[in-house]
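Written out below as structure tokens is the structure these notes cover.
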């Protein structure tokens, strides 16, 4: 605690509040600058000049080689000095446009490099807002943007690095209803999404519109990268005509991901996009790069060519724009396009209690056993006091332990039977566990609706979430 | 298939020198299997060695793997199968010392 100049008592909370309010104001000013910069750039376009550094006087391009302005020569000099890249590839980059779908773990580094390297126009599609648990890997976003649109945040960061690049904001989810309209304007597409239906949708859209697709993915400690639909190469459906079962589809929010892994894959996506846009080197078409972070191994596997049987790009395939628009990707993959977690409804209401009800039971000191069925490494992060960790996968083996715990409680309080409650992270696995316990004879078992997330939301706001 | 796994000292013969006849003389073919992504979760391994009968195809190897790890059935229809770092059809006959990679797609980002 300290006294401020007015003699009032100032607390750490006051300082934090002030910092937070100043940061918000700063972000708003940055946004306005970005928007003005973009407007300024569009003046340049209307003048009929190239998309150049419009904050400077109109460059006297004709005086030089005719391709790059003086500012551009200086900014991109290290590219120009590369014999295998040079002025031609840089000029190709400046003329190209790249659409990055997803401004998350993969999109963050991809966007930063694409903006920095001088791609003429970069489009960003995302519908999410920045959250604190994104920041360990989604390095384009900063704390000041928490709670705000990822597209706005990413666009501001890109403009901050290179104001000569045209940044186009698409603050919407990529859906069949808007996909064609958005993608049509770009030369190259970068898939930086995080779910299966989007991957099929984006690949199909690229086939329909004839765009090369730079596809990257990362989960846990592994990453994958390939270029689809390029120079007669395969599309996503050629490789994976049948979508994976939902059990095989894992999300970073459930399985975890080491932040730098999508970072590496996202950088490689930028690299492949630059190669395709600059028309240099051998893009990773017909090959797939597999990155294994723990063993520090990168393998490149030759994958199949275009499949003549492919329903999207095969010989007899006639995927039209209309068919694409009518295709139900969520139904096809049995997975929702939105990343919101599953809300299972397995148990009847009488076999469930809310976190608030459980809190009451706990406060009254009613004898009970609380089983936490999350994996052990989740339990280590945070758990409720006096809970017993028996992961769902080893529930059957843990039955004697549950019986023993119930017996101990019974011995302590002869008058009543001990109740059995089950909790997990979000309230899905706890239902599966209770269902299983009922079948094993523990008919009184109940699950806590919404799991620890609802505990943190409804009972104890200080309880950590992850 | 399990009872055909006779342990025989594995002598190195350069690939080019092995004629079809000699291959048939081997009582078993030993390959290395690499697991990626979901296949690692399902098997709990990154790689393993697998012995199959001479003439066994990639398809046979997959069936053998699924019998060892029934969970792999989950990704049976959605994977890239690569033999010695190249795309392969399931009908391809595997040779001694081949490397078979099972690569299900990752969708996270």
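Numbers here mean position along the shown chain, with the first residue as 1.
Cβ coordinates come from backbone N, Cα and C, glycine included.
Sequence annotations record features per position, and here TrEMBL assigns active site, glycyl thioester intermediate to A:252. Under 8 Å, Cβ to Cβ, and six or more positions away along its own chain, residue A:252 (active site, glycyl thioester intermediate) finds A:105, A:194, A:218, A:219, A:262.
Around residue A:424 (active site, cysteine persulfide intermediate), a 10 Å sphere centred on its CB holds 25 further CB atoms from the protein chains shown. Per TrEMBL, the feature active site, cysteine persulfide intermediate maps to A:424.
What TrEMBL lists as ATP binding site is A:105, A:126, A:133, A:134, A:135, A:136, A:137, A:150, A:194, A:195. Reduced to three states, the DSSP call for residue A:135 (ATP binding site) is coil.
A C-beta separation below 8 Å, combined with a sequence spacing of at least six in one chain, links residue A:310 (Zn(2+) binding site) to A:234, A:235, A:237, A:238, A:241, A:317. TrEMBL lists A:235, A:238, A:310, A:313 with the feature Zn(2+) binding site.
Residues or ranges marked as coiled coil in TrEMBL: A:12-46.
Per TrEMBL, domain 'Rhodanese' is recorded for A:364-464.
Note: the Zn(2+) site is recorded as A:235, A:238, A:310, A:313; in the same chain, A:203, A:207, A:228, A:229, A:234, A:236, A:237, A:239, A:306, A:307, A:311, A:312, A:314, A:317 also have Cβ atoms within 8 Å of that site's Cβ centroid. Under a cutoff of 8 A between CB atoms, and with a sequence separation of 6+ in the same chain, the neighbours of residue A:137 (ATP binding site) are A:104, A:105, A:108, A:257, A:259, A:260, A:261, A:262, A:263. Compared over the binding-site residues A:135, A:238, the count of CB atoms lying within 10 A of a residue's CB peaks at A:238. Closest in space to residue A:424 (active site, cysteine persulfide intermediate), of the binding-site residues given as A:133, A:135, A:313, is A:133, taking the CA atom of each residue.
Each residue contributes its Cα atom, and for residue A:135 (ATP binding site) and residue A:313 (Zn(2+) binding site) these two points are 38 Å apart.
By a Cβ separation below 8 angstroms, chain B lies close to these of the recorded positions A:105, A:133, A:194, A:235, A:252, A:310: A:105, A:194, A:252. By the criterion of other Cβ atoms within 10 Å of the residue's own Cβ, the least surrounded of the binding-site residues A:105, A:133, A:194 is A:133.
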